[in-house]
Amino acid sequence: MSKIQAPVIKNEYYDVTFEDLTHEGAGVAKIEGFPVFVENALPDERGKIKIIKVKKGFAFGRLIELYEESKNRTEAPCPIYSQCGGCQLQHLSYEGQLLFKKKQVEQVLTRIGKLDLHKVKVHPTIGMNEPWNYRNKAQVPIGEREGGLVAGFYQKRSHDIIDMERCLIQQAENDDVVQAVKKICEKYGIRAYNEEKHKGCLRHIMVRYGLVTKEMMVVFVTKTADFQQKNEIINEITAKFPQVKSIVQNINNKRTNVIFGNDTNVLWGEEYIYDKIGDVKFAISARSFYQVNPEQTKVLYDKALEYAGLTGTESVIDAYCGIGTISLFLAQKAKKVFGVEIVPEAIEDAKRNAELNGFTNAEFAVGEAEVVIPAWYNKGNKADVIVVDPPRKGCDEALLKTILDMKPKRVVYVSCNPGTLARDLHFLEQGGYETVEVQPVDMFPHTTHCEAVAWLELV
Ligand SMILES: C[S@@+](CC[C@H](N)C(=O)[O-])C[C@H]1O[C@@H](n2cnc3c(N)ncnc32)[C@H](O)[C@@H]1O
């Protein structure tokens, strides 16, 4: 069989029109039907590209010159946008980003979910009024340069750390604390961890901020437990930032890209800081999973609660419950909530959070949702409503099968990956459910990440 030749050649230049955006935010042009992906290009734009890599069914190009700009193009306000990989869509107007996310959901629901968009209402993406400074957690790698430390971000496709004073999607309070802590550590001669030599001390600084309570936590991730002059460093941080309520050390002695190690000790203050979403208060520890955009989290959880349609008589399962955030939102309106999560520490936090808010109708179990929930059902238990909020890979099939067996009248699916959402909705539709509505919520403005919540009814 003759091999099909790609109609493009590496290092050659082509004039193209961009038709679409990939889910990663690259512009898509077609040359004789052959897709070429180009960073920083937008649909409806025309320009000159250079082909930089040719693969079997597609190629990558670099934008050389724009002949015609999209009406949705805007100047990226961040001065380091082109170096940092954190945001991918700052060159697209915010309105354009919200449309892109809705379209992304619609495309996968049709292509993967086989859903008929005449029957399923996909709402416009709910965005933020002020889509900047929303992140409540800064997690910055630490490096060294002549005469000092650098705290910033890994340059795109490399492990070189670029110093950064301001991140436009970060809460300014977090940037202030990171910069000050870097300087304090510098003053006391703390050495940064060197990845290649596996030597040095400080690997990462993490700062968390409770948007409602204004409480802050500082976490030092170090190579070993030995952290010289920590008392002096703590004194300086607490004198400068009275809102810091907790200083924690995490030890990671491994040669790895994974940020945290297994050992975490409180160096000063509390083990937790607190924050509130709506009326519910949460204790957040250094390792807890807590949504990074608290303002939009409230929007997302309110929508999940609305889709759950609770009247106070229902028994509800919250699968993949983390520290019980959605569970406790549901507990406000349900008779009983049963939360399941794989991380034991998160379940301890969930139980503590239930107690903190005086909820006696929420119960939590540690384990894989696909094991715990079938076992619970086999013992004769049933839920009227099931809420799932799985990681990017979506729900395990064993859990989906149990949902089909258990037949709750409603399923609410909170998703951070439209592709797996569409796959799982298809499975549930095949088994007797009907998707009624899908609501994309912009949890991560200026990035390509897309969150959505779907409401399904048993037919
Ligand atoms: C997207 S987070 C949602 C957390 C929580 N609902 C929230 O909004 O904060 C997904 C959660 O699923 C947990 N997880 C991953 N695989 C799991 C599994 N097989 N069974 C139960 N939980 C799992 C993760 O630890 C994480 O806490």
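Even glycines carry a Cβ here, placed using N, Cα and C.
In TrEMBL, annotation is done automatically, which means it is predicted and not curated.
The S-adenosyl-L-methionine site in TrEMBL is built from GLN291, TYR320, GLU341 plus one of ASP226, ASP389, ASP396, ASP405, namely ASP389. Here GLU341 (S-adenosyl-L-methionine binding site) comes close to TYR320, CYS321, GLY322, ILE347, ALA350, PHE364, ALA365, VAL366, ALA369: these same-chain residues lie at least six apart in sequence, with C-beta atoms under 8 angstroms from its C-beta. Note: CYS416 (active site) has non-local neighbours PRO391, ARG392, MET443, HIS449, CYS450, GLU451, i.e. same-chain residues 6+ apart with C-beta under 8 A of its own C-beta. Within 8 Å of the Cβ centroid of the S-adenosyl-L-methionine site, not counting the listed residues GLN291, TYR320, GLU341, ASP389, the chain contributes PHE289, ASP318, CYS321, GLY322, THR325, ILE326, PRO390, VAL414. When every Cα pair among GLN291, TYR320, GLU341, ASP389 is compared, the largest distance found for this S-adenosyl-L-methionine site is 15 Å.
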